[in-house]
Structures are given as structure tokens and as C-alpha cells.
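For reference, the structure is listed below as C-alpha cells.
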Amino acid sequence: MQLLQRLYELDLLRDIDLQFARWLGQRFEASHTLLTLAAVVSQQSGEGHACLHLQQLPNLIASWPDELHSDAKQWYAQLDAALDTHQLLLGYGTEPTPLVLERNRVYLYRLWHAEKQVAEALLARAQARDAACDLPSFGAALDQLFIGATEQPDWQRVAVVTAVARRLAVISGGPGTGKTTTVTRMLAMYLQQTLSADRQARPHILLAAPTGKAAARLSESIAGAKAQLPVAEPIKQLIPEQGITLHRLLGARPRSVRYRYNRDNPLQVDLLVVDEASMIDLPLMAALLEALPEHARLVLIGDKQQLASVEAGSVLGDLCAMQSAAVPTEAMQELLCVTCGLPVTEGDTRVLADSVAFLRKSYRFAGDSGIGELASAVNRGSVKQTQAVLRRGFDDLNWIEALTADNQHLVQHMAQKYSHYLSCFKQAISPDEAHAAFAKFQLLCGLRKGVFGVDALNEAFENYLERRGLKAADNRWYEGRPVIITRNDAALQLYNGDIGITLFDTEQQQLRVYFEQGGEMRSYSTSRVPQHETVFAMTVHKSQGSEFKEITLVLTDSARVMSRELVYTGITRAKQHCNLYGKKAVMLAAVDQPTVRMSGLAERLWG
Ligand SMILES: Nc1ncnc2c1ncn2[C@@H]1O[C@H](COP(=O)(O)OP(=O)(O)OP(=O)(O)O)[C@@H](O)[C@H]1O
């Protein structure tokens, strides 16, 4: 039997991958070798890879079951010759073809095009030179913004200078390293510079994030940081506080993949701040860059160590890749030397290095914080340090050994942790109060399927609620049901990842679901809520962009899906307390397993 069919039967290809190969077969009469390659490239894009690196193919084949190895090796041996044969199916990007081969990478056309567009647009923005900064006033304004600061070097100060000086800025830092504080100071600095050149100027600043939750958090953090800014009130007033989702910003339209704002109809904005940039996939970044007017500044904030976007690409990671340890250009080094006291260093200069800044010190987690220590051990990929942190015993870190092979012990844990939230519904509660109560605790899982996956745990917890009389057996909806949207609905303005809480509306005498949208609560009747699921248990992927007072991260199942980035992202969702539930071996195996996203973007950007 042909390799393509066998891969599908063994669940190594999805329906869509097989259909794609079959459709190509009908249109192009291509060889089985090339069609199998098309299906594998399609499958890899489903795993988040922007392309398939041909050098990685032997590793991929080695991960397939033994029974396929002989056929797969034969297929691999025929690939070189097949790549030269069907130029209508596989081209080099000069004409649109279903597959594109560039260097040793094979792409689906859509992702190749998006990657090329993103690289060109980012490099053009990084190269753009605006009017030089007025150095004397620049230094004085910085001193005022960083009054009392003692860090040396002060990476927040470096990030502010970077972002004010360049049309593209990327600020990456772990939890609590002051990303929002820095961006707020940067906005004040930018406004001071702009207004000192033209008193009447009223630059249009916008704040956005990939999910509703992240946008709401950005609004809250900017408002908090703004209140502490040591600048004049008129400057503060020009800093917006309201963040919106990228889909809303770009004008997502029902049943259309095109956004309202695009190259022909650009956004009206002078400076755009986008938070949680690690969640932005290649096509979304391409659409964002296309809709941004040429003169506008783009400031991307995020944590490069977090999980990459669910869809294909690893844009923030690639932007921060710093291949061959590139250093900023001479002009930028000089500016950073004068304004921040950074030493000028020899090295391979890259224009993109002028735009990237890293924040390194966490102001949220003090030295005695287990969450901070664990996050940094996991981040470094050090199994030894991770073990040491787990042994040491911190107040904010708790290891819970899984006691049963089924999930009942974990359901008891959930019952205890959600007891405060569930008790809120004994009396009338406002939507704001309900959302605040729900944000106190979240159970996070790496997996969707299996006994310790999100689906089974939500079901088991709802069974528990039924036993407690908090949910009727025959009704999916009940007061207190938290739901998460799983598919964008532009018409209703509800997007993937938005969380709603079900409450009884005494006026309408019915259950309604309340979502926070742009700083306001909006309610929907239960029948109108687009595709959703219960969210007492949530995947770590979906939790990106959100933070909770306390979390429990479930680490029970196969280490294959657990990666270093997944564990890091999970534990850093906790602001005050982090519980780890499961088996230590799973945790340690995950720490030892970094995720590799295949992409050509880092090479295009850093050369
Ligand atoms: N230079 C600093 N000195 C003292 N405290 C600071 C400094 N920078 C930030 N903080 C404080 O640290 C906390 C976290 O800051 P901020 O919210 O800006 O970080 P963040 O990186 O945006 O966090 P998150 O991980 O939530 O996105 C805030 O309470 C802030 O006031």
C-alpha cells in the first residue's frame, strides 16, 4: 500500500492533508513522491511549522512507526529527483504554485507568501530612519522618567530609547519584567518628543492584543502604569488606556478572510502597541503589517520564551533570534552609550538588532519567589535546577503528587480550588464580580484528550456539580458556567479565547452569558453564544495572554506533548500561587524538551 495512505491510516496525517494531496493529484497528475511530500508539508503546517526543512525529514521519518521505515526511506531517496520534476506543483516563488521550495525549505504557498511579506515589511520598518532624536532633551526627559532608578545597566531605559528611536521596536521580557511600565514610559517620551517638534500635534496611538483577555489586561496595566508616570498631565491625557483585539483593530468581517483594513485602506494610526506578540501567527502578522501605514511606528511586546502561536509561525521568537550574536549598528550603539551608558561593542552589526530590546529583571517575583525561580530554571532548560527548586520548598509553589490513575483526585482538588467561585452564586452577583472571582484560580492542562485532558476534566467536574445540585443533569447551561469561545465570530464580536460567565438575569428571567469587551460587559443569550466549551479546565495554549492569582498545572500524561515552553507558559500564568499536579518525571522530561518551530523567518531577518 502507498505510503500516503499508510500515513493517513496511522493518524500521522489529517483528513485535510490527505484531501489536499488527492486534490493536487487530480489537478497535476504528479508523482506519488511529490503528493506525499505535499501531504506531509500540510500536516506540518497544522503542527505550527511555517515550512518543512528537508534536512529535518530524516528525524521526522525516524519518529514514524518502524513498519513505515522501509517505504519512508525509499520515498526520501526519491525526493531529490521528484523536486525537479513538476514545476506547476512545486515552484520557487516566481509564480504561485501549491508548494514553494526555497533553499532547503518546502512551504505551502500561503505561508511562504506570508513569511516573505512579514520579513520584508519588518526589515523595511527597522531600516526606516526618522528625524534624529534631540539628544540633550532626550537625555533630560529620560532622567525624569527614570528618576530614582538604580539599575545598571537599566534595560528598561534601553528599551525606551530603542522604541522611541526606531519605527519598529520589539520588547521581550518574562513576567513582571516591566514591559507595560516600559511601554507607558516610551509613549510619554514619544509624545514629549513629538509635541516639542509641533505643539499642535495629536498623534494617534492605538493599543491592541491578540485576545480579548489580553487586550483587557493591557488596558488595566497601562492605566496603572500611567498613574505612576512622572510626567505632566497633558502628556498623560494623550496616552490611551483602552486596548482592543487585533481582529477588531483590523476589522475582521463575517465569512471573509480579508480584513477591512489592508494595504488599500490602511489603519489610521501613528503608533501601534501590540501586547502578547508571541501569540501572533504568520498570516495575522502579515495582515497587520499590510494594514499599517508606512509612517506608523510599531511596538511589539511579548515574552519570546512562551509557546509560539497556535497557528503556523514563531514570529516573535524569530524576531528575537539574534542569529550569530548580531549587535546594533554603530549609530544605535552610540545613542545607547550616550543615553544609557551601554558600552560600545565590536561585532557583527544588523539593522534589526537596533529594534530589539530584552528586559531581564522581574519586579513581580522577588528573590524568594518559587514561581520566579522555577520559571527561570525551566527557561534555561536545566533539569537539575528545576529539581532543586522543587525540593527547596517555597510558599508560592506546591507539588501535588497524582494519587489515582483516574481523574477523581484531581476533581476533588478542583472542587476545593473553585469552592470560592462556586459559592459566589448563592447570592446576587454582578458580572464584574463573577469575572473577578473566576480569575482567582484556573486549572491548566497540556492536553485536550485523555483522562487528564481538558475535555474529560471539564466533564468530570460538571458531573461533580450535578452531584452537588449546582447543575441540572439535563441542561448544559447553569448559573456560574464559565465558557471559552473556540471560534471567531466577527458579527458578534466574540473571538477565540474570550471568556464568558453565565448569570441569571432577573429582568429577563433567563440565563445570559457575560463577556468583557473593550472595558464593558456585554451579555448574550445562551443560544447565541458562538462555538464554545466549558472552561473549568483550560489548555495552556488558550491561557496565553491571561493571568490568574493561582493556577494548577496538570503534568500527568505523556511527555511528548509537554514541552519546556508549555511548562514555562503554564507556570507564569500564576501571579501569586502555582500548584503542579502530576508526576515529577513528566515535568523534568518536558523541561528537557524545547519546541522547535520550522520557519525561514529568522534567516530572512537575520541573514
Ligand atoms: N523599574 C521598576 N522598578 C520597580 N518596580 C517596577 C519597575 N518596573 C516595573 N515595576 C513593577 O513591576 C510590576 C510589573 O510591571 P509590568 O506590569 O510593567 O510588567 P509586565 O512585564 O508588563 O508584566 P506581565 O508579565 O504581567 O505582562 C508592576 O507592579 C510595576 O509597577
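Our numbering is plain: 1 for the first residue shown, then up by one each step along the chain.
Yeah, the Cβs are placed from backbone N, Cα and C, and that goes for glycine too.
Here is what TrEMBL says about this protein:
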type: DOMAIN; residues: 10-107; note: domain 'RecBCD enzyme subunit RecD N-terminal'
type: BINDING; residues: GLY173, GLY174, PRO175, GLY176, THR177, GLY178, LYS179, THR180; note: ATP binding site
type: DOMAIN; residues: 535-581; note: domain 'UvrD-like helicase C-terminal'
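Highlighted here are the binding-site residues (GLY174, GLY176, LYS179, THR180) whose C-beta falls below 6 Å from ligand 1: GLY176, LYS179, THR180, in sequence order. Taking the centre of the Cβ atoms of GLY173, GLY174, PRO175, GLY176, THR177, GLY178, LYS179, THR180 as the ATP site, the nearby residues of that chain (Cβ within 8 Å, site residues left out) are ASP303, LEU359, SER362, TYR363, ARG364. Of all Cβ atoms in the shown protein chains, 23 besides its own fall within 10 Å of the Cβ of THR180 (ATP binding site). Long-range Cβ contacts of GLY176 (ATP binding site) within its own chain (separation 6+, distance under 8 Å): SER362, TYR363, ARG364, PHE365.
Using a 10 Å radius centred on the Cβ of THR177 (ATP binding site) and all shown protein chains, the other Cβ atoms total 23.
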